[in-house]
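All remarks here apply to the structure that follows.
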Amino acid sequence: GLWFGPRIGKRSLRMATEDNRQAFFKLLEAADALKYYYDQLPYEMQADEPETRVTKKVIFTPKLGRSLAYDDKVFENVEFTPRLGRRLADDMPATPADQEMYRPDPEQIDSRTKYFSPRLGRTMNFSPRLGRELAYEMVPSKIRVVRSTNKTQST
């Protein structure tokens, strides 16, 4: 077979354990000597023991226009409309509901609703798109649609 040379990083186990053991002993001796000389220093030059519990210092700054006291929140002169599906607290002012402001008059309800059969007890209250008023008196009852295949215009 072909020989590609020695495998890089491959060492025998016996040599690796002896090398590691010697390096570990040297590290222990160095740490022991360091501790010995550190203890010889005067007390003022020795570092204080670090605290084992790490605490994060939080500085609370309220937002502009707000105060730290929560009991002085006053909702005077504020028109508050809750989100859809939420209810207002009793002490907050309420704006009239949309159903009360835009309730259609009985004569405005279209007579076409009887043409739609209600499903599951529903009634059809037809309302045009916002900003549009439908006037069916102006629409002719019979509309004639003519299409020309030879591009002649009908009048």
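From the backbone N, Cα and C atoms, a Cβ is placed for every residue, glycine too.
Pulled from Swiss-Prot:
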type	residues	note
MOD_RES	Ile8	isoleucine amide
MOD_RES	Leu64	leucine amide
MOD_RES	Leu84	leucine amide
MOD_RES	Leu120	leucine amide
MOD_RES	Leu130	leucine amide
Margin query: Between Leu64 (leucine amide) and Leu84 (leucine amide), how many Å separate their Cα atoms?
Written below: 29
Notebook entry, point to check: Given Leu84 (leucine amide) and Ile8 (isoleucine amide), what distance in Å do their CA atoms have, once rounded to a whole number?
Noted result: 70
Next item on the list: Reduce the DSSP letter at Ile8 (isoleucine amide) to three states and note it down.
Entry: coil
